[in-house]
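**Q** If you scroll down you'll find the structure; I have some questions about it.
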């Protein structure tokens, strides 16, 4: 429904001054519109717009201004204006008589004028400064290639606009653009028969844009269209709609009515209205302008609808009588068949038996299904027991597998170092073997040279022997005996030298063993010394604990006291920071002190603040003391975290359970950051491992910690890793060496320190024993080295003695030698050869010694390699054995798992069978219930004779049916057919009766509404006529004219009587045809303004209003138009005149804008883009 704008209720007299009215039957929706004239040679079918009307009949009743939105601009071209069917002639229909009501409501025009005059005067008294409307007015007009304009742009005043210019300057193009853009027809402008004829000559297309203001509370969809941007595009340039129907909705919403001849008077329409309009034409202008004609058309439609319903009711009443007769005929037929009940009763009894025997059959099936369910349930119990047994076995196997896995992983991890050791021994052995091979190669070369020298020595010796034999033969046998003694002495030297070489080779090996033993002793002594230092430190700490009260600050950085003092002195904190956290924690069980210290790490050094600003401030202080890297800062709040439901079983100790807090901030942060409520503390490693990883995963546990079984400087930590935290993780937990940072009981600390001292002393005793064993081994190695040295010296002395014996025997032989030059020469050669042999032997012996030494090293490396290989082989064997054992266990587990899965599958299968059996049972129960319900709907349960089945009863029932069928055949139908016919006839009759009553109620409601609407029509017709008459008289008084506006609604005529001469006493006035041209034009302007005052459209346009006026009338009319426009608050006026405003321009103010178009240019002269100047 279009809004009723500027509705005012009079202060007195029950009169409503209404400036616009609209039928409630209209369907309103508003869109933006941007008008575009396509090229003349294009297919205009592409630009058609379609729109569906919610009330087709209402659409048919609209006049030319409210034509169907589905008609395109091209389809509108050439259409004639519809005739005014009510313009003349007496009332011819019932609606006309009801509408006119003998014009009783118009029988007191004087009283109406009196009331209207008082309202008019009050309105004039209340009118202040004119204010522009927030929406529904034109802000800008842009024409491109339109009519005689290349480009015309006019920014319109929101109130009063005068467009002036010479003839041919294109003034009327503005009104033509407004009419076309706001849905008007091209033919209505009298500027062309179609849109194509309005395109500038020589151009293929034209473009028209009208921008409508869209602001304020009444703005149309500003979130979609933007403010002040109504067109096909939004304020962002996005196309909103291309349908002409949307433009019609916009103009109807803002009540623009560009097709209303009273809103936009074109040049021809203005001339016709001012000079040539007849009373009938004026009345037509009046009823169309104030929309009485539209209300008349809409209410005529309502009347026609009532008439149509009444005619339908007459026809429906006849149809109702026919249906009533059909119902009575069907009832009579049904009564005829209700005879011969004996046979039907037997048949009915058998029918009941047929029904209930089916129920009994289904009940028997149900009993069988119940038996099946019982058997399946028993099978499930047995299968579940089997699955449980297999599960228990599988759990035991899993425990064994976990143990085997741990052993296998331990062996696998230790294999790596052994393999590396084997590789290192292999490399060392290879290097030693390579050196032995090199010496062996040298030895072979020396041996070859020595053999050559020995051959020469043998040759020379043979020569000497022969020479000596010759001499012996000459001297006797003493010389031979000395030679034999010399050979024995030389053999003794050789044996002594061999023993000395063997002893010399044994020396490095004994020295190496001694070095290893001494290194072991040094390590053992260092361990004892370190352990003694730990004992001394522990004793010192214990002594300190016994002498003095423990100070918790001893466990923190030495700068911590100064940091706390700086924080205490800083008064800029919103809330004093809390920290370090360890100072606010009391350890209830000191045995876990080092474990908790190691797990919480720097969290015990942390501080807590309650705001970001305090965090920034505290961070700055920490940086000053260079403590920010190990003192975190947390932001927390004082709300205590409830861990109920998030902690492990109460049988386990957690970090949270062994700590006591004096501040909830500290407790909350350790729960949030370290999950202390879910960290188990179990003393023994095996127990912790079993709790964490054996069996089901413990509830609400993230990590576990245990003490080391033998050491006191580390512990064990257990946890879960992986994406789903399902992978097991075990690792060492290294303890801090510093003093504890948490508060504990002094005696508890002393007891803990005493236990640690006892443990350290026991470890020292073990290390002392180990050191003694190593020292004994070192002493044995040292004695062996000393004995070897003494034996080496003895062997060396024996060698020297043997060598002296050889030299003595050689001197004695020399005395026995016979002087002979030949023997001496040979001996010289022999000496040289023996010297070479000796040199080669010494070299060979040295190489042998070196080779032996390298062989010993190679042998030692080989032994090391063999030992490493043996260890690797043994370890590999153990690993393979563990792998095989694990594989066997896993294979056995798979077998057990398959058996368990088979048992579970058996249970699942039986459960599915049970579900299926229960479903079948339930379905059967449903069927039994359904059959029973259906049977009960027919009859109560009947007894089935013993031995009777469905088949036997069916046979007997069929025989009876044949008898009944023959009887019914004689009647022409079955009982069921007659019953259904009766029901159908009764239903049709009842539905028709109800529909008839509903239509009567609808008709009465519609008539009541129509009567109320007609009463409103009469009031509106009465008040709008009075308002027009008073406004006309007031406007005439601007030139001291007198006159009246005669509105004859009965004969549908409107005329004016004007008396220009104020001296004439008669107030009757003259008709317009007796007036001069100027007077007639002035009176017509007064009539137009009076009618405009009664209208509600925000836009009033008039083209060449002063064409027939002289200068005086034009000035007065111009002033009167400006005055009337200023009195019409929020209305926009666009007036076109070919002449200057003259003295009428004296009233021009800020609310009046004059648009002066340039004079037309001669043909062929180029025009500027901007054709308009604004004053």
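We count from 1, first residue shown onward.
Including glycine, each Cβ sits where the backbone N, Cα and C put it.
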**Q** Under TrEMBL, the annotation coiled coil belongs to which of these stretches: 683-731, 879-927, 1026-1074, 1075-1123?
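**A** Of the candidate stretches, TrEMBL labels 879-927 as coiled coil.
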**Q** Which stretch, out of 370-416, 417-463, 511-557, is listed as region 'Disordered' by TrEMBL?
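**A** Result: 417-463 is the stretch TrEMBL calls region 'Disordered'.
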**Q** Need the matching range: TrEMBL marks region 'Disordered' on one of 467-487, 488-508, 572-592, and I'd like to know which.
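**A** Going through 467-487, 488-508, 572-592 one by one, TrEMBL gives region 'Disordered' for 488-508.
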**Q** Pick from 250-277, 278-305, 306-333, 334-361: which stretch is listed in TrEMBL under coiled coil?
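**A** So the range that TrEMBL calls coiled coil is 306-333.
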**Q** Out of 743-850, 879-927, 964-1009, which stretch touches the coiled coil (306-333) the most, going by CB pairs under 8 Å?
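**A** When the Cβ pairs under 8 Å are tallied, 964-1009 comes out ahead.
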**Q** Determine the mean pLDDT over the domain 'RecF/RecN/SMC N-terminal' (138-1138), rounding to the nearest whole number.
**A** 79
**Q** So if I exclude everything within five residues of the ends of the region 'Disordered' (488-508), which remaining residues of that chain have a CB under 8 angstroms from its CBs? That is, six or more out.
**A** 785, 788-789, 791-792, 795-796, 798-799, 802-803, 805-806, 809, 845, 848-849, 852-853, 856
**Q** List, by number or range, the same-chain residues at least 6 past the compositional bias 'Basic and acidic residues' (451-463) whose CB is under 8 A from its CB atoms?
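**A** Distant contacts of the compositional bias 'Basic and acidic residues' (451-463): 826-827, 829-830, 833-834, 836-837, 840.
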**Q** Using DSSP, how many residues of the compositional bias 'Basic and acidic residues' (451-463) fall into helix, strand and coil, respectively?
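**A** For that range the per-state counts are 13 helix, 0 strand, 0 coil.
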